[in-house]
Amino acid sequence: MYKVTVYVTYKDSVLDPQGEAVKGAVHRMGYDSVENIRIGKYFEIQVSKDEDDIEQVIEEICDKLLANVVMETYRYDIQEVEI
Amino acid sequence: MKFAVIVFPGSNCDLDMYAAVKDILGVDAEYVQHYEKSLQGFDAVLLPGGFSYGDYLRTGAIARFSNIMAEVIRFAQEGKPVFGTCNGFQILTEVGLLPGALRRNDSLKFISKQQKLKVANTHTSFTTAYEPGEIITLPIAHGEGNYYCDKETLQQLKDNDQIVFTYTNDNPNGSVENIAGIINKQGNVLGMMPHPERAVEALLGSEDGLKLFQSMYKNYQKELCK
């Protein structure tokens, strides 16, 4: 079994209004050293070991569905795990 | 002429869209469910507002994989008219029929109000009934209407005259260059955040949206006579 984690965030060049709102709250909590906060999405995907090209499958799923690559970017991590 | 009003799980402006063309414009229309696989017999497609597939993941993202969207893409690629408003606009960007993407409003608030717009391009088959530069009032109701595209795309939109509607001095959602609606390069796919279908009779507070559907109808008739 493969355990895949995918992280999707807005590209650095795209304003993240939710992140900005949370940053404002963090500043009001008194943590002025916090310079930036970005909010993203996190996915856990389990894929059968039978899959030959796991990277390609994950990238296709990310490009077509999990991320809108016009404004978002993604990264992923693939681990082989025992069931 | 016959309009298809596409219905997704979570569409909630489909009845308004249907009523606008069927009852007010007086042209034949029919609902087409998301699981259908054909648009045979239809001359124009309308993608209504709402929350397709619950807006899970991203607005419009999941609708892309419904049966009917493959057919809508084919229909659009044949040069036939496709119009999407609000969630319909979001879906059109997600499927790649229109450039750019829709982000959360910069205020993070859901905005529902009457909005003044400028008709920036009257040379499209959706806007010929408007006067150049005409200021119109249409309702908006959205949480993710903040249009985004990169600089290159924006330049292309300007060079090809693809910006069709802009917000006047008060941009409600933070969209790039006050963009409220754009058309594809070929000129047959229009997407916009405001709701023309909710402004088709005086009782609704504005009739300014009716000209959009009248334009579609008249230009379809004109094409037939060619």
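Backbone N, Cα and C define each Cβ position, glycine as well.
Note that TrEMBL annotation is computational and uncurated.
Here's what TrEMBL has on this protein:
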| type | residues | note |
| --- | --- | --- |
| ACT_SITE | B:Cys86 | active site, nucleophile |
| ACT_SITE | B:His195 | active site |
| ACT_SITE | B:Glu197 | active site |
- Note on the structure: Filtered by Cβ under 8 Å and at least 6 apart in sequence, the residues in the chain of B:His195 (active site) near it are B:Cys13, B:Asp16, B:Gly49, B:Thr85, B:Cys86, B:Leu138, B:Pro139, B:Ile140, B:Ala141, B:Gly209
- Item | the residue listed as 'active site, nucleophile' CB neighbourhood, other CB atoms within 10 A | 30
- Query: Sequence gap of 6 or more, C-beta under 8 Å: which same-chain residues meet both conditions with respect to B:Glu197 (active site)?
  - Reply: B:Cys13, B:Asp16, B:Met17, B:Ala19, B:Ala20, B:Val21, B:Pro48, B:Thr85, B:Gly209, B:Phe213
